[in-house]
Amino acid sequence: MTLQEDIIRQLGVKAVIDPKQEIRQSVDFLKAYLLKHPFLKTYVLGISGGQDSSLAGKLAQMAIEELRAETGDEQYQFIAVRLPYGVQADEADAQKALAFIQPDQALTVNIKEAVDGQLRALETAGLEISDFNKGNIKARQRMISQYAIAGQTAGAVIGTDHAAENVTGFFTKFGDGGADILPLFRLTKRQGKALLKALKADPSLYEKVPTADLEDKKPGLADEVALGVSYQEIDDYLEGHTISAEAQARIEDWWHKGQHKRHLPITIFDDFWK
């Protein structure tokens, strides 16, 4: 088995999908998790205005609405959370996403004060924090807020990780990578776009240039620029196609570098890192 084949197997990627079937599978998955854990009543998800949170949010709202209809339990709720750092430049996109999702509840938690307070504390301790590191602090603070909300509402936190992010490790460890349930896992970037099209989302939600937008000095930095490889190449690789040797090497290098993000904290019994 080649490394490409092994990665495809581990991430559960299909070369061809039926978007409607994948929507149904994700909704049923989200419903089944709450039904299996009757002490949980809500899903919580941060909404950025990009493709991934728009899709995960819509799937979550669909699952919750079906659960309420099937059980008669009005405690089932989906809570969408806006988590800007100060003023978000593309706030209009986030509002479009909320209009598409139509969440039961929408909260806004501005993380700027918490992030800046953490930076001041670190600087007082004698550390100078890089802009890149600050970006990861933002991502982790967003998850702190989401888990605080989930803790108060008997909830579980949804993550937006999908196959194209997972293979490259393009997420913050214990930040956006720290969630309870991943309804998009197995899907490539273009497959996620196909699901949004099937859900009749506004094209702006899936045609927008993907960006983590974590660094102050590189606002709106495109994912593909940061990764040095295009989502088309990543998706082709994950769907089993042949791509350029250079792109394949870069993707597989990201895979190896990001292995620690896919595991629980390393124990003496682990050998994947050796």
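One-based numbering along the chain as shown.
Glycine too: its Cβ is placed from the backbone N, Cα and C atoms.
Binding site for deamido-NAD(+) per Swiss-Prot: R140, D180, H260, K261, plus K173 from the candidate set K134, K173. Residues G46, I47, S48, G49, G50, Q51, D52, S53, T160, K189 are recorded by Swiss-Prot as ATP binders, and the candidate that the same record lists for that site, out of T71, T124, T211, is T211. Between the listed binding-site residues, namely S48, T160, T211, the fewest other CB atoms within 10 angstroms of a CB are found at T211.
Checked against T211 (ATP binding site), the binding-site residues R140, E165, K173, K261 differ in C-alpha distance, with E165 being the nearest.
Secondary structure at T211 (ATP binding site), as computed by DSSP, is strand.
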